[in-house]
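Undergrad: Please find one structure pasted underneath; my questions will follow.
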Amino acid sequence: MLKLFSAFRKDKIWDFDGGIHPPEMKTQSNGTPLRQVPLAPRFVIPLKQHIGAEGELCVSVGDRVLRGQALTRGRGRMLPVHAPTSGTVIAIAPHSTAHPSALAELSVIIDADGEDRWIEREGWSDYRAHSREALIERIHQYGVAGLGGAGFPTGVKLQGGGDKITTLIINAAECEPYITADDRLMQDCAAQIVEGIRILAHILQPREVLIGIEDNKPQAISMLRAVLADAHDISLRVIPTKYPSGGAKQLTRILTGKQVPHGGRSSDIGVLMQNVGTAYAVKRAVIDGEPITERVVTLTGEAVSRPGNVWARLGTPVRHLLNDAGFCPSADQMVIMGGPLMGFTLPWLDVPVVKITNCLLAPSVTEMGAPQEEKSCIRCSACADACPADLLPQQLYWFSKGQQHDKATAHHIADCIECGACAWVCPSNIPLVQYFRQEKAEINAIRLEEKRAAEAKARFEARQARLEREKAARLARHKSAAVQPAAKDQDAIAAALARVKEKQAQATQPVVIQAGSQPDNSAVIAAREARKAQARAKQAAHPMADSAIPGDDPSKAAVEAAIARAKARKQEQQAGSEPAEPVDPRKAAVEAAIARAKARKQEQQAGSEPVEAVDPRKAAVEAAIARAKARKQEQQTGSEPAEAVDPRKAAVEAAIARAKARKQEQQTGSEPAEPIDPRKAAVEAAIARAKARKQEQQAGSEPAEPADPRKAAVAAAIARVQAKKAAQQQVVNED
């Protein structure tokens, strides 16, 4: 009795909520053995036939390839694809693939040569001699992916399982109507499938291995039982026929009673699941050394005359397979890739067969029925009762239609397995699965964009951190590379700084002056006397050199005299703006007479002595001083009324003065005179005038009268005569 209860517990199965029982329609194709299809003349191999990124190309246009030769390199989740036959690569270009929207993907197009030659194959018959990692790498490089419909890379799935897998489940349920590919494969290749299961068990080392198969496959069940008759490491579980019992979460629930959490995976509860077709592909990759180049495809539907299951090479056009099955299309004929519930209609028949293609359904018009019009949801909740994932399809429908992505995510739309049970039972004929697929695609696109933004932000922050680190390192290098002065240099610098500080301290000390004391200037006085003595000695040593220096150019002297006259004229104009008082001619005549008397007396006194040359500079200075004194006297006497000026007398006196000056020049012209520098004379005259002007400004506090123009004219005439005399003397000396 105890053994009976143990056996009962061992073979116990559970049930899942929801599910439907549609017509199976499997007998059309599962009654005939697997057969080979003639090679197509051209193959189109998409680079991406799995979940993940496409691999890196390793062939070029014009290359000749063999069957099983890798067309791409697989790294990470990039699964390689292989040539399905021998031939020549004629193009590498985008081509429409097996997708509901017939998207174009990069593909390698090969023209078959008809020889179908293999690459050199190396099998591992004793696979237990190889490590777990080597087996996983071989499975990955030979292009094995999930053949049940998901297309997830098998090597990546095995690597992710690690040591936490306790139960390995082989999915042989094949619950969708019309599809019999796994059923026929188990009938014809049961031993190879079991061998592949043992390879997977060797890699994962689980505690138990379970095969789940529906009870509507009696021939396959009998074949597996025959192979497993003496095996105790693998258990075969027959489950009731119910759609979708072949789903990963649903089959896990049926065989183990465990529930996969929302948003989780079966590996989270220690379960890993593989398809029977995948197990067969693993056996061929490891033991036979053959990459996956073909798979079993069901050709069924009332539009084909020879339904059945065939070995279809990957990349074979759908049209070629249907024509081999006797395809008789009708008007508005549809062809579905996959089953009637989870498949999609092909837009045209030139798309190729890929790794996830398990069925090509060509129904007649009466078989599928006419398409019905979509109506409004009546909130009947039939979809919720049929959902095997315990979701609320009617709510997800409204969220998807209203673009409410957050609410759809909160209601676990990601857990939808797109089985189509909700759409099957919907009385309003609403294509719920299409809405859910579109909503999930939009959510994935939003998440991908957010991920890219986060990665860009992380790259920016990493770059900023790197720049900061480089800046800090650069500053540290600069500081460490700075030249440090040696000890000797430091001593010299310290001594120099001490001297500077001492001088600064001395400069800042206050000077103390004692009353009654005199400064000691003896050194300065001695230096001045020495310079004077040196100058006198130098002058005595060269007495003749100085006298022999000829005068400057008379033309320059004339120019400078003209400049002096212009300045005097400008000064007269500036002074002419103020009204001038009348000049007293009597005073002017008296002063002119006094000047003549003084000059005559000086000539008489100097008559006995040789006449020296007249120094025009002294004369100009004396004339300026005389004019200043006269001006001052006029200002002092300006309060008295002046008599009327007789212009005739003034003119006579000026003429007499000019005649006397000319006579004096003639008397002194016979003796040689020292050369006179007219420029110096003009400069000294200008200095004298400036001094006189300054004296006038200082005396400007009292009201001043305008200067006597006659005196100025007389002085200017005398200056001109003296300049002319100097020029004549210069000419005589040159001769």
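Any Cβ shown, glycine's included, is placed from N, Cα and C.
Copying in the features that Swiss-Prot gives for the protein in this structure:
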- Cys377, Cys380, Cys383, Cys426: [4Fe-4S] cluster 1 binding site (BINDING)
- Cys387, Cys416, Cys419, Cys422: [4Fe-4S] cluster 2 binding site (BINDING)
- 556-565: compositional bias 'Low complexity' (COMPBIAS)
- 368-397: domain '4Fe-4S ferredoxin-type 1' (DOMAIN)
- 407-436: domain '4Fe-4S ferredoxin-type 2' (DOMAIN)
- 538-715: region 'Disordered' (REGION)
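Each of these features: where is it, how hidden is it, and who are its neighbours?
TA: Applying an 8 A CB threshold to same-chain residues 6+ apart, the list for Cys426 ([4Fe-4S] cluster 1 binding site) reads Ala382, Cys383, Leu432.
Taking a C-beta cut-off of under 8 Å and a sequence gap of six or more, Cys422 ([4Fe-4S] cluster 2 binding site) has these contacts in its own chain: Cys383, Ala384, Ala386, Cys387, Pro393, Leu432, Val433.
With a threshold of 8 Å between CB atoms, the same-chain residues lying at least 6 positions outside the domain '4Fe-4S ferredoxin-type 1' (368-397) that come near it are 16-20, 244, 247, 249-250, 334, 340, 408, 411-413, 415-417, 419, 421-432, 435-436, 439.
Per-residue pLDDT, averaged along the domain '4Fe-4S ferredoxin-type 2' (407-436), amounts to 93 for this model.
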Undergrad: Measuring Cα to Cα, tell me the gap between Cys377 ([4Fe-4S] cluster 1 binding site) and Cys419 ([4Fe-4S] cluster 2 binding site) in whole angstrom.
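TA: Their Cα atoms are separated by 19 Å.
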Undergrad: Minimum Cβ neighbour count within 10 Å among the binding-site residues Cys377, Cys380, Cys419: which residue?
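TA: Checked Cys377, Cys380, Cys419; of these binding-site residues, fewest Cβ neighbours within 10 Å: Cys380.
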Undergrad: How does the domain '4Fe-4S ferredoxin-type 2' (407-436) divide up by DSSP, counting helix, then strand, then coil residues?
TA: 17 helix, 0 strand, 13 coil
Undergrad: List the helix, strand and coil residue totals of the domain '4Fe-4S ferredoxin-type 1' (368-397) as derived from DSSP.
TA: 11 helix, 0 strand, 19 coil
Undergrad: Determine, for the [4Fe-4S] cluster 1 site, the additional residues of the same chain whose CB lies within 8 Å of the mean position of the CB atoms of Cys377, Cys380, Cys383, Cys426; present them in sequence order.
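TA: For the [4Fe-4S] cluster 1 site, the extra neighbours are Ile378, Arg379, Ser381, Ala382, Pro393, Gln394, Tyr397, Cys422, Val425, Pro427, Ser428, Ile430, Leu432.
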Undergrad: Around the [4Fe-4S] cluster 2 site formed by Cys387, Cys416, Cys419, Cys422, which additional residues qualify by having Cβ within 8 Å of the site's Cβ center?
TA: Gly18, Cys383, Ala386, Pro388, Ala389, Leu391, Pro393, Ile417, Glu418, Gly420, Ala421, Leu432, Val433, Phe436
Undergrad: In whole Å, note down how far the CA of Cys380 ([4Fe-4S] cluster 1 binding site) lies from the CA of Cys416 ([4Fe-4S] cluster 2 binding site).
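TA: Rounded to the nearest whole number, the Cα-Cα distance is 20 Å.
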